[in-house]
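Feature annotations, courtesy of TrEMBL:
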DOMAIN    27-515  domain 'Major facilitator superfamily (MFS) profile'
REGION    62-81  region 'Disordered'
TRANSMEM  19-37  transmembrane segment
TRANSMEM  98-116  transmembrane segment
TRANSMEM  128-150  transmembrane segment
TRANSMEM  156-184  transmembrane segment
TRANSMEM  196-215  transmembrane segment
TRANSMEM  221-242  transmembrane segment
TRANSMEM  327-348  transmembrane segment
TRANSMEM  368-385  transmembrane segment
TRANSMEM  397-417  transmembrane segment
TRANSMEM  423-446  transmembrane segment
TRANSMEM  458-480  transmembrane segment
TRANSMEM  492-511  transmembrane segment
Amino acid sequence: MAQLPAGIRFIISFSRDQWYRAFVFILTFLLYASFHLSRKPISIVKGELHRSCAAGNEDGARFNSQSQRASDVPSPQLPENETDCSWAPFDQDNYQQLLGALDYSFLCAYAIGMYLSGVIGERLPIRYYLTFGMLASGIFTALFGLGYFYDIHSFGFYVVTQIINGLVQTTGWPSVVTCLSNWFGKGRRGLVMGVWNSHTSVGNILGSLIAGYWVSTCWGLSFIVPGAIVAAMGIVCFLFLIEDPKDIACSSSLVTHPKAYENGVHRLRLQKHGFPDEKKLLDPEMQCLLLADGKRAVPQSHVVTVPADGASGAAISFTGALKIPGVVEFSLCLLFAKLVSYTFLFWLPLYITNVDHLDAKKAGELSTLFDVGGIFGGILAGVVSDRLEKRASTCGLMLLLAAPTLYVFSTISRMGLEATVAMLLLCGALVSGPYALITTAVSADLGTHKSLKGNSHALATVTAIIDGTGSVGAALGPLLAGLISPSGWNNVFYMLMFADACALLFLIRLIHKELSCPGSAAGDQVPFKEH
C-alpha cells in the first residue's frame, strides 16, 4: 500500500470535532470583524466632514492648549469640483460637539440595546438573530454614506441612522460569544479567546483602510462598502453558522488523555460527563470568588457539579445574572476600560490630524497601529491569565501600566511620527488587553459559572450585561472627548487616565480575593459553594 501524501496525513491527524471547532472559530472571527469594520468609518470621515480650509474656521480647529501652530498649517488642497471643503451641518464652529453627538447616538443606543439583546438572544436561535442584525447593520451603515450621494445635510438624518445602527449591532456580541463558548471549554479559554478577540483590531484596521481609500475623494463609499461587507457576511452566517456542537453530534469539549491513548490518528478523547470527581473542570479563579470567606473550602455536600456540555434550562433573569459573583465588578470595570478604548477608536484619527498635521487618509492609516498593538495586548492578557489563573489580577496590572503610558503618549506624540508610532503600539496593547479579556474569557467564565448549575441559557444574558455596561462607558468617552477637546487635548488624556484609575478601583476586591485565596494557584482544587 502506498504511503499517504503528507498533506493528507496532516488533514486526517485532526478529528472531525477539531475541524468543526476550527471552522466555527474562523467564521465567528470574520463575522464580528465585519461588525467592527463598519464602525470605524465615522472616525476616519470626521476629518473630511470638517476640514480647516477657511480662515474663519481655523480658530475652531485648535485643539492643543499648549500651541496654536495648527492655524498656521496650509489648508489641504481641494478637489477641482469642490468649492467648500466642509460638509454641512458639520461646517459650523460647534462641529466637535456635532461629531461627538454622532458617536454618542450610536454608542448610547448600543448600550441600551445590549441589555435587551442578551435577554432576547437567549430566547431566539442564534443564527437567525445574528443574520438579522448583520443585514440590518449593513443597510444602515450604507444609508449613512448615501447622504453624500443624495446631498443630505440634515443633522437629524445622520443621528437617526446612527441610533438604529447602534441598536441592530447589539445582536452581534452576545451571539458570537455564546456560540464560541458552546464550542470551547474553559481549559485554555484565555488564550483561545485572546486570539479570537483580535477580530476587533482586525476589523478596525480593515475599516480604517477601506474608509481611508475613499475618504478624500468620495466619503460616501467609506460607509457603503463596509455596509455591503457586513450584509454579505450576514448571508454567510445564515448559510454556515453552527450554533452548538450538539447540532451535528460533536463534543462540546476535548481534553488530552492522561495516558498514551492513540490509534495513529486520534490523540484526543471525549470529556466524560457528570463525574463529580473531575475537579479539573473547575476554574480556580471563579472558585475563589465563590468561597464564603475566601479562605475555607466549602463542605463537599455543597459542591455543584455541571455536565461538560451544559444542561438546558429556563433562560436566566436579568437580576439573577447580576447575582453571579464578579458580574457587577467586571461590568463596572469594563465601563471605564471601554470608555478609554472607544475614545481612541472614534477620535484618534482626528487627534493625529491636528497634532501631526496629516490629512484624513494618512491619519486613518496611522491610527491602525493602535489596533495592531491591541491584537498583541489581547493575546498577552489571555495567555497570562490562563497561566496564572487570575483574570482580575491580569486586568489590574495592565490598567495600572496603561495610565502612565497614556500620559507619556500625550507628551511625546508631538515630537514626530517615530515617537507616535511606538506609543500607539504600546498604548494599544495596554488599553485593549483588559477590555479584550473581560469581554471574552471573563464573560464566558461568568456566563458558564458553576453557581448556574449547568444552565446553558445564561451566557448571552451575562455577556450582554457586561458588554452593555461597558458600552455606557463607550458612549460617554467619545462624547466627553468632543466636549473637552476644544480646551486642549491634554485635558482629554487626563480624563482617560482618570477612567483607567476608576477601572482598576472596581477590581480591587476581586484582585484581593485572587491573591489571598489558595484556590487561585494553578492546580489547587477548591469546591464551589452552592447558591
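Note: Cβ is positioned from N, Cα and C throughout, glycine not excepted.
A TrEMBL annotation is a machine prediction, not a hand-curated record.
Keep in mind the model is a prediction, meaning the values are calculated, not measured.
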Check: Which one of these stretches, 128-150, 156-184, 196-215, 327-348, 368-385, has the most C-beta pairs shorter than 8 Å to the transmembrane segment (492-511)?
Finding: 327-348
Item checked: Ranked first among 19-37, 98-116, 156-184, 196-215, 458-480 for CB pairs under 8 angstroms with the transmembrane segment (221-242) -> 19-37
Notebook entry, point to check: Restricting to the same chain and to residues at least six past its boundaries, which positions have a Cβ under 8 Å from a Cβ of the transmembrane segment (327-348)?
Noted result: 39-40, 42-43, 46, 103, 107, 204, 321, 367, 370, 392, 395, 399, 402, 406, 427-428, 431-432, 434-435, 438-439, 442-443, 446, 462, 465-467, 469-478, 480-482, 485, 492, 496, 499-500, 502-504, 506-507, 509-510
Notebook entry, point to check: Looking only at residues six or more beyond either end of the transmembrane segment (458-480), which have a C-beta under 8 A from one in the stretch?
Noted result: 100-101, 103-104, 107-108, 110-112, 114-115, 117-119, 121-122, 170, 173-175, 177-178, 181, 315-316, 318, 320-322, 324, 327, 330-332, 334-343, 345-347, 435, 438-439, 442-444, 446-449, 452, 492, 495-496, 499
Check: Could you give the mean pLDDT over the domain 'Major facilitator superfamily (MFS) profile' (27-515), rounded to a whole number?
Finding: 77
Notebook entry, point to check: List, by number or range, the same-chain residues at least 6 past the transmembrane segment (128-150) whose CB is under 8 A from its CB atoms?
Noted result: 31, 34-35, 38, 41-42, 87, 120-121, 157-158, 161-162, 164-165, 168-172, 175-176, 218-224, 226-235, 237-238, 241
